[in-house]
Amino acid sequence: MAQNQQPIFQTKPPEQFVQIPINIERDSSTARMNHTGNSNQKPNHWPTITISIIFVIIGQSIAKLLENFYYDKINRSEYDENRQSDGVWTQSLLQTVGFPLLLIPFFIFITKNKRNHHQQPPITSDSIHLKSLAVIYICIGIVMSVQGRLSAMGKLEIPFGVFTLIYTTQLFFTPIFAAFINKIKFNRWVVISVILAIVTGALTLSASFGGEPDEAEENYAKGSWAALFAGICFSLLLCNIQNVFDNYIFKRTESTNKKPSFASVFEVIIFSSLVATIISVVGLLIAGEQHDLKREMNGFSKGKGSYVMAMVGQAVSWQIYWVGIVGLVYSVSSVLSNVISVITWPIVSVLVVIFFNFMDDEFDAFKGVALVTAVLSAVAYFIRLHKENRMAN
């Protein structure tokens, strides 16, 4: 990165040479105007974006397929009204409980970063900074657990198509929160990308879900509010994660003249997921869902082994998903992260058609158009990133 930028900044004093790119990345007024913060200045920018997108697609697809498999094989259609919301804390827990798996790559990145900067002074953050960061991780963890529970509950209360339409409103809230919390301003390519992503999410209304309620179980008031607030929570989650990067982690690395490390992505996920996991476990115990887990395992139509594999697979897949989502916030912004998350939905809906035989679920025009708009949404955003690359060079 330094070799590409040296001709531009060679008249600057040497002590400013490393600091300028970091300021451009996230904190300068120019970065705010360009929305993505000239994130192309980041080390290995495009490889990071590409890998993060792959993680989002793989993680979300596998997690959703296993979730459908779980609901399909526990014969939920036979449940009575009093047990309709069984398992919502369990599903929330599965989204975060796998975070210990990230400790290994986290320590690998930390060790590598220390080795590359062994001549640099160690990071010295004052107690106020650490306390603020701890409070923020607790808040993010609370939002993660609430969002997981609300989305799980909403899908069990209303038809999945209605849930999808309402849940898509997250793409309205994320730009609004990003403008206020992250001081982001937008350009036409980003606006086009968001609009196309909204269309993509709306067109996924024809998708099916294994835990969808029948007419007697539907509760539109409860399910609609749950879906709406789940979308709001997800938007707040992404914007607050970007706030952590902007105002804490990147400034912490800047103070020691170090480049931001991808280890910070694992740091955010691990500490936030720890809080979310504790909350979900407490909620699960209070609701008595631990007894439901034993009953479900014994009655799982594919056997106990398949039940355990489905649950473990979801936990692992969600961690892959979170690495991709937070990685996109780290490398670009909360807005792109949300866009990629939503435009993955048509892929999941097509995979559900392929792997399951749900009634009236087929590859229709809605799914086909949704795939097209998903591609166009991604292309629009990447046009903007490409333009920023050209401007930086």
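Glycine is treated like the rest: Cβ placed from N, Cα and C.
Marked as transmembrane segment by TrEMBL: 46-63 (among others).
Long-range Cβ contacts of the transmembrane segment (92-111) within its own chain (Cβ-Cβ under 8 Å, at least 6 residues beyond either end) map to 141, 144-145, 148-149, 152, 261-263, 266-267, 269-270, 272-274, 276-277, 280-281, 283-284, 311, 314-316, 318-319, 322-323. The transmembrane segment feature in TrEMBL is assigned to 92-111 (among others).
Marked as transmembrane segment by TrEMBL: 132-152 (among others).
Within the same chain, residues 151, 194, 197-198, 201-202, 204-209, 212-213, 218-220, 223-224, 227-228, 230-232, 234-236, 238-240, 242-243, 246, 333-335, 338-339, 342, 345 sit at least 6 positions outside the transmembrane segment (158-182) and bring their C-beta atoms closer than 8 Å to a C-beta of that stretch. If you look up TrEMBL, you'll see 158-182 (among others) marked as transmembrane segment.
The transmembrane segment feature in TrEMBL is assigned to 189-211 (among others).
According to TrEMBL, the transmembrane segment annotation covers 223-241 (among others).
Residues of the same chain lying 6 or more positions beyond the ends of the transmembrane segment (262-287) and with a Cβ under 8 Å from any Cβ of it are 48, 89-90, 92-93, 95-97, 99, 102-103, 105-106, 109-110, 113, 134, 137-138, 140-142, 144-145, 148-149, 241, 244-245, 249, 253, 319, 322-323, 326-327, 330. Residues or ranges marked as transmembrane segment by TrEMBL: 262-287 (among others).
Per TrEMBL, the feature transmembrane segment maps to 307-332 (among others). Away from its own ends, the transmembrane segment (307-332) comes close to residues 36-37, 39, 42, 45, 48-49, 51-60, 62-63, 66-67, 69-70, 73, 94-99, 101-102, 238, 241-242, 245, 260, 262, 264-266, 268-269, 273, 296-297, 300, 340-341, 385 of its chain (Cβ-Cβ under 8 Å, at least six residues beyond either end).
Away from its own ends, the transmembrane segment (339-359) comes close to residues 52-53, 56-57, 60-61, 64-65, 68-69, 72, 164, 168, 170-171, 193-194, 197-198, 200-201, 203-204, 206-210, 324-325, 328, 367, 370-371, 373-375, 377-378, 381 of its chain (Cβ-Cβ under 8 Å, at least six residues beyond either end). What TrEMBL lists as transmembrane segment is 339-359 (among others).
Residues annotated as transmembrane segment in TrEMBL: 365-383 (among others).
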If contact means at least 3 Cβ pairs within less than 8 Å, sequence distance 6 or more, would you call the transmembrane segment (365-383) and the transmembrane segment (189-211) in contact? yes
What residues in the same chain, six or more past the boundaries of the transmembrane segment (223-241), come closer than 8 Å to it by Cβ-Cβ distance? 136, 139-140, 143-144, 146-147, 150-151, 153-158, 162-163, 166-170, 173-174, 176-178, 181-182, 268, 272, 325-326, 329, 334, 337-338
